[in-house]
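A short worksheet on the structure shown next.
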């Protein structure tokens, strides 16, 4: 088991290395650098000035050496100030070292955000905290509801409850966040006036009034999917011999479901819930933009829209990490929950 | 100037009437399918359950809407008639006397016509991108599952690499105006569009290599048609000027294929690993058939059930992805009538006007719902066998 986890961690590290390299390459494509230079300098700068801005801020160094510097396995070189000829900080607003030091992601330095004029860490981690709160409430709403729907539907396959709930969950998987968000806002904010169509005030304090719509919107797409998986798992369990035995020895149907079926039927949904995180990440971006909630997704869109290289790299690192770690947890947890599967 | 309005009931009637070519074709096709359902195989079996009928109905409805878009929609989706800015549903356009059935948007375009034309974009890109993703996934998944070993390790690692990317980040990196100046989208298109040609060439070669008369016709046909489409799509150099794709649409297309082919790869690989242990595969191996013959003519036909179901779900998923792209304003032109862009434009103004937001959202939702219902009923039917 331990060697399995170690091997998985090794693959994970390799995957992250490859992915960050790809992201680093794509972000640093020439057109993107030009756009960054244009947005960071005054209006109407000539092509030479743009080029010299890029050189002065160290964007024209060799690709691999820059990647290694960002990673922290090669000392980060300060740039030379063209006026004085002395080593200087890359950006005045975040304390880059003036002498060569190992200062990359491995040392915990995520770099400089050119859009927000601050360090990436001071922007990214509060945003992650805000998204964490959103995720927490989404899971609190999504998991119990979807498991309940799945169990009720799978309990008696083919019954009227099953058909109704199945069609409902298919309908919810056909509703991406930008559709449900619009529909919910129209119903609850515009017509009924019960809820707030914007969660901008939620960063100062979460209330039922401003936070319900984002949570609902984000949860609805996942509910259908998890419910369908739970239903399939429940249907399979209900055809097993031990369920029949329990029924034949005279146990009530409800007690069979709760005591015998439930524990076995909930193993598969656990994996599904864990693998749902990567999709939630996309959903988070849509919902945070739609409801103007200042979290991780909002930061990602701002970073991508403004070619904020270091911030976007930080965002991708975080999201890739989340995807990989949830995959690992789901594999390990599955082996842990299901004694029939034992990894060599 | 005051606009004239027609009542809510007239709006409903007007919408139903505008769709007249769609209703006629729908009745014809559904009626014919229902009458001959016994002879139509898997497609005919769909008409045994109400879920299947609803699914087929919704999908065909949007298919015919896309085909007859120019007849159904009363206005040009891009033309702005200033007086109709933010007009409410049912407003009469004074010059032509035609009605803005679902009102006008903030740029004074007809919401109904835009919704109808939006279906064209979705129904061209989504199935085509899914088709290419299937080709890529199958061509790579078959050897990975059949041979296993190192080739499987490498391909699976690559697939997991792509799957570990959050979709939205992938799009923000791959679908930008800047990337169009680099050769990356064209290189990727050149790579992906090669797969169908390889697939069909190998398919015919393994089957007919002992029968040159047929082989040469089929191979020649594959290479000519494939090369023609390839030249048109990748290099925009179709000699007959029939096949043409805008650079930004090519970019979207490539990104969507890239994002969804690893999923197909995983499914195909799993199916092949399961099927290759069957007796008929062992029999073919004993006969001395080549590995690619076994993969393409013994294993693939027996994996078609789950693949068809997956393809249906995947078209729906691709539709959602296209909507996401439109919602973030990536790739598609800002005035493009596709549903995602329309939702983006309308959702900014929800506080003042809600009518431009509802038609595209409901259209997108109903189309994906139709595909999901179709997939569900296909799955149920294939389980019965």
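Cβ atoms here come from the backbone N, Cα and C positions, even for glycine.
Here is what TrEMBL records for this protein:
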DOMAIN    A:128-330  domain 'ABC transmembrane type-1'
TRANSMEM  A:12-29  transmembrane segment
TRANSMEM  A:134-155  transmembrane segment
TRANSMEM  A:176-194  transmembrane segment
TRANSMEM  A:206-227  transmembrane segment
TRANSMEM  A:266-291  transmembrane segment
TRANSMEM  A:311-337  transmembrane segment
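Between the transmembrane segment (A:134-155) and the listed ranges A:12-29, A:176-194, A:206-227, A:266-291, A:311-337, the one holding the most Cβ pairs under 8 Å is A:206-227. Non-local neighbours of the transmembrane segment (A:176-194) in the same chain are 212-213, 216-218, 220-221, 283, 286-287, 290-291; each lies 6+ residues outside the stretch with a CB under 8 Å from one of its CB atoms.
Between the transmembrane segment (A:206-227) and the transmembrane segment (A:266-291), the number of CB pairs under 8 angstroms, six or more residues apart, is three or more, so the stretches are in contact.
The list of residues near the transmembrane segment (A:12-29) in space but at least 6 beyond its ends in sequence, with Cβ under 8 angstroms from a Cβ of it, reads 59, 63, 66-67, 70-71, 307, 309, 312-313, 316-317, 320-321, 324-325, 328.
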